[in-house]
Structures are given as C-alpha cells and as structure tokens.
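Asker: One structure is given below, represented as structure tokens, and several questions about it will come after.
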Amino acid sequence: MEFDAVLLLSFGGPEGPEQVRPFLENVTRGRGVPPERLDAVAEHYMHFGGVSPINGINRALVTELRAEVGLPVYFGNRNWEPYVEDTVMAMRDNGVKRAAVFATSAWSGYSGCTQYVEDIARARRAAGPDAPELVKLRSYFDHPLFVEMFADAIAAAAATVPKGARLVFTAHSIPVAADRRCGPGLYSRQVAYAASLVAAAAGYDDYDLAWQSRSGPPQVPWLEPDVADHLEMLRAGGVKAVIVCPIGFVADHIEVVWDLDAELRAQAQDAGIALARAATPNADRRFARLARGLIEELRSGGEPARVGGPDSVSGCLAGVNGEPCRPPHCAARETAPQGA
C-alpha cells in the first residue's frame, strides 16, 4: 500500500483566551456538561494565557514527520483549528489520493481510537466524492519506540530526585462501565501492559499505576486509584520522592501541565515529597520515526513492530476511510472528556 501524504490527526486546543470557551463547548457538545464545569476547566487554560501547548507541539511534530517520511504532511484537529474537515478538503484540492493518518493516541477504545475513526469519516463526507482515501494507522502502545521514549524520560526524571523514588504511571481515567464495554477492560489493560513494558525497559521491578483527570458525577465509578489519592497514600507510607510518568499522553495536554505539573506538584510540595514528572514524547524525532515505521508496515505487509511480554494485549489494526477498526473492539462510546 503506497501513500502520497500523511495526516496528523489530533484533539486540538485553544491558542488565545477568547478561544477557550468555544473550544470547551466543542469538546463537550452533546454531553450535558454544566456551564460551571466549563468555567472551572477554562480557568486551567487561563493559567497559561488561554493557550494549550498541544497545537505548537503538533506543528513541531509535523516538521519532524516531513523529515522522516519524505511526503507532504497535513495537520487537522477534531475540536479546534485547523479542523480536520478543512484539512481534508485542502488535501483533496492538492490532489492527494491516499494518506496515512497518524492519530495522537496510542490506545484503543472510544476516546483513544473510535473518535478518530469518526473524525476521518466526517472529514471525508465534508470533502465529497473526490476525498482522498484515509488509512488510520494502528495503535502503538507496545511499539519499541513508544516504550523507549518513556523509559528514557523516566531515567531523565530520576536524575532530578533522590534515589529510590517511587515510580507512578498515570493515564486519563474513564468510567468503569465504558472500560468494561470496550474489551472488557481493553483500555485499562493496554495501559497496564504498556506500563509494564516501560518499567522493565527503565529497570524498575516495582511501580504503581494510577488514574487522573476524572470528571462527571461523583456517584459514577471511574478507573481508580486517582493519582492525588495515591500520592496521599504514598505520603502516609513514608515515601519521600516520586517519579510520575504520564504514559497515557503522547504530548503535553492540559491534563499534564495543569493536573500534574501544577496541582499534583503543589500537593507533593505540601506533603514534603520530591516529585519529578517524566516528559511525554511531544515532538521527539523518535515519535516521527514511530509513525514512519507504522507506514512502512502497511507498505511492506511486514509484521508489526511490538515489544513482546507476558500478558500482552491486542490493539487496533489499520482502518480505511472511517470504517471500524480491526479487531472490532472500540465501538462502545465512553464519556471521558479529554483536554488539550
């Protein structure tokens, strides 16, 4: 399978104070999120001048992708400019016939995979009958470069805190019911498996997995433990240093720079705990190499590059033109709002 372009497909984020509320309304449309909740989340963005880091990171990643794949690289978002519909129309007008779609999510499940599939289908409808063929690349939570980037980030973070720091992986929480529908437990098992691979690569036999950034009614159970509660448990157990690795995020979303770098760090300081946050891949050149590798798998028909290990978990394979991915285990809708 040959390609004449690449589409980097992401979540989107505001780039000025006046964009914050419209962006959040896009993210939460149809979910019945009360206005006061939007106001609270908007304040998180205002701490950064109303600018999410995600679009700048993705533009830098586009530059790295162009250098790696040697093809035109386009950039489109679900929830803010550049909208994926506009990007795909531009691809059509430029004569693109088939593009590989690299989504900024390593996971399966509705939020991690199916929403991006829906984005592709919606964008192709907007572009009409001459829309390019769009092939979404497979999930990559167990790709060797994914594991390597996070393992190296943990090593760098460990150098900034006392020896013996406790390693804690985090990922975005989702409702327990949603996690059960998609597998069952597909997303949480993928995260746990990826954490085990990264921990082993970083030289850790013992570590923790916690969840972050939950929302919704308190009576609805979400994946636990919450990272803030887990940090309190570590404090009570006498832990004095922690390395937090946000393995669920391939870039610095607002959940990383606010929920971890601001709120969790403040909690750690109050508790007398030294906290280091491991970097996300962002625009690391290896992330672009990872994407190139996924494209080469489709070109050559070769075996996928995966880090093997006990308790391995299946992921989504490539999907074409917004058709459901294979295996078909991402159809159930989750309700977890993600940030950017």
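Cβ atoms are placed via backbone N, Cα and C, with glycine included.
Here Swiss-Prot flags S52, Y116 as Fe-coproporphyrin III binding site. Residues or ranges marked as Fe(2+) binding site by Swiss-Prot: H172, E255.
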Asker: Tally every other Cβ atom lying within 10 Å of the Cβ atom of Y116 (Fe-coproporphyrin III binding site).
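Answerer: Neighbour count, Cβ to Cβ under the 10 Å cut-off: 27.
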Asker: According to DSSP, which of helix, strand or coil covers H172 (Fe(2+) binding site)?
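Answerer: DSSP assigns H172 (Fe(2+) binding site) to strand.
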Asker: Indicate the candidate from S52, H172, E255 with the smallest number of other Cβ atoms within 10 Å of its Cβ, considering only these binding-site residues.
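Answerer: Candidates: the binding-site residues S52, H172, E255. Fewest Cβ atoms within 10 Å: E255.
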Asker: Cα-Cα, whole number of Å: H172 (Fe(2+) binding site) versus Y116 (Fe-coproporphyrin III binding site)?
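Answerer: Pair distance, Cα basis, whole Å: 17 Å.
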Asker: Is E255 (Fe(2+) binding site) helix, strand or coil when read with DSSP?
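Answerer: Where E255 (Fe(2+) binding site) sits, the three-state DSSP reduction gives helix.
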Asker: Reported as an integer number of Å, what is the Cα distance between Y116 (Fe-coproporphyrin III binding site) and E255 (Fe(2+) binding site)?
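Answerer: Pair distance, Cα basis, whole Å: 19 Å.
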